[in-house]
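A.B. asks: Okay, so Swiss-Prot annotates it like this:
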type	residues	note
SIGNAL	1-27	signal peptide
MOD_RES	Y41	phosphotyrosine
MOD_RES	S48	phosphoserine
DISULFID	C95-C113	disulfide bond
DISULFID	C101-C121	disulfide bond
DISULFID	C115-C128	disulfide bond
Amino acid sequence: MESSRLRLLPLLGAALLLLLPLLGARAQEDAELQPRALDIYSAVDDASHEKELPRRQLRAPGAMLQIEALQEVLKKLKSKRIPIYEKKYGQVPMCDAGEQCAVRKGARIGKLCDCPRGTSCNSFLLKCL
């Protein structure tokens, strides 16, 4: 009985190895038939295809003004350029000696800048001394 199990085990393993490529090919065909979410959205930032909200869905009379104000803010944020010192972490612009500065630790009051060599930002006066 034990010898028949030992003979059957390699045969089952060989059959499984032969069937695996066939099962993998079928799964690959199924994956190719499914639509991809990336194909639905275009890479172009064109807002002309976006839907407008129907006016009956707007409940407040000032809602249109709020939407227009938000759209203006979004346009400004898109056009705003980030200063180089904000992009590079750990690097901030230099302050002049005696100018108001900000401490990097804790709550910060004042302009974010680093004091020149030989001076340090006084946390009480918030000036480069």
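A Cβ is built for glycine as well, from the same backbone N, Cα and C atoms used for every other residue.
What's the neighbourhood like for these features in this structure?
C.D. replies: The Cβ of C113 (disulfide bond) lies under 8 Å from the Cβ of V92, P93, M94, C95, E99, C101, A102, each on the same chain and at least six residues away in sequence.
DSSP assigns C121 (disulfide bond) to a strand.
Listed in sequence order, M94, C95, A97, C101, C121, C128 are the same-chain residues at least 6 apart in sequence whose CB falls under 8 Å from the CB of C115 (disulfide bond).
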A.B. asks: Return the residue, from the listed disulfide-bonded residues C95, C101, C121, C128, with the maximum count of other C-beta atoms within 10 angstroms of its C-beta.
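C.D. replies: Its Cβ has the most other Cβ atoms within 10 Å: C101.
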A.B. asks: Based on DSSP, name the secondary structure state of C113 (disulfide bond): helix, strand or coil.
C.D. replies: coil
